[in-house]
Amino acid sequence: MKAWQRQFIEFAINKQVLKFGEFTLKSGRKSPYFFNAGLFNTGRDLALLGRFYAQALVDSGIDFDLVFGPAYKGIPIATTTVVALADHYDRDVPYCFNRKEAKDHGEGGTLVGSPLQGKIMLVDDVITAGTAIRESMEIIAAHRAKLAGVLISLDRQERGSGAISAIQEVERDYGCKVISIITLNELVAYLAEKPEMADSLIAVRAYRDEFGI
């Protein structure tokens, strides 16, 4: 685990974005941890979040031309990511996001920002069922652009209803790489370094043993 990944985990815990306990997921599973990126909700939070996304993008080595944020949660993530790329890596990358509803006045259409063209890096908070990715792929394909990759905050590394995860399904269906700032394995490694979090470590490991990929 890299130092910036450890810092991201601590950032998420401090902001109560990452919590430990017992949580019922939409799937009905009882999870010993919960990640709610919506609680990154101040200017300072977003500035720091953008730096982590930018760091993960640069480290990945994936070649891309534009950052796309699917509505709604992906919009501030895309914005803060390109600001961080400009401020910290001297990379002036265009960005774009979609509206859920098309406008029939002003600039019109469903897209806001730079033209959706070239190699697209899609950014979002998490992938649960992959629905937002599939909707975004329809938009990207309609503009004859190509999906270069997907970046999310946390890869839960757990099976969906079948034998593979929603992330693995996206990689299989669209032939792209899905990367994350942290994975469940890195979260387990972090907990193992913290004696005071031993109970959470036991619960998360048991969950990974049952549902992990």
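Glycine too: its Cβ is placed from the backbone N, Cα and C atoms.
What Swiss-Prot records for this protein:
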BINDING   LYS26, 72-73, 99-100, LYS103, HIS105, 124-132  5-phospho-alpha-D-ribose 1-diphosphate binding site
BINDING   PHE34, PHE35, THR128, ARG156  orotate binding site
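Counting other Cβ atoms within 10 Å of each Cβ, the binding-site residues LYS26, ARG156 show the lowest value at LYS26.
Within 10 Å of ARG156 (orotate binding site), as judged by C-alpha distances, the binding-site residues found are ILE127; the full candidate list was LYS26, LYS73, LYS100, ASP125, ILE127, THR131.
Long-range neighbours of LYS73 (5-phospho-alpha-D-ribose 1-diphosphate binding site) (same chain, six or more residues apart, CB within less than 8 Å of its CB): ALA37, GLY38, ASP124, ASP125. Note on the binding-site residues PHE34, PHE35: the fewest other CB atoms within 10 A surround the CB of PHE34. Neighbouring residues of the recorded orotate site, listed in sequence order and excluding PHE34, PHE35, THR128, ARG156, comprise LEU25, SER31, TYR33, VAL126, LEU154 (Cβ within 8 Å of the Cβ centroid).
In three-state terms derived from DSSP, LYS100 (5-phospho-alpha-D-ribose 1-diphosphate binding site) belongs to an extended strand segment. According to DSSP, PHE35 (orotate binding site) is assigned to a strand segment. Farthest C-alpha pair in the orotate-binding residues PHE34, PHE35, THR128, ARG156: 12 Å apart. Around THR128 (orotate binding site), the same-chain residues six or more apart in sequence whose CB sits under 8 Å from its CB are LYS26, ALA166, listed in sequence order.
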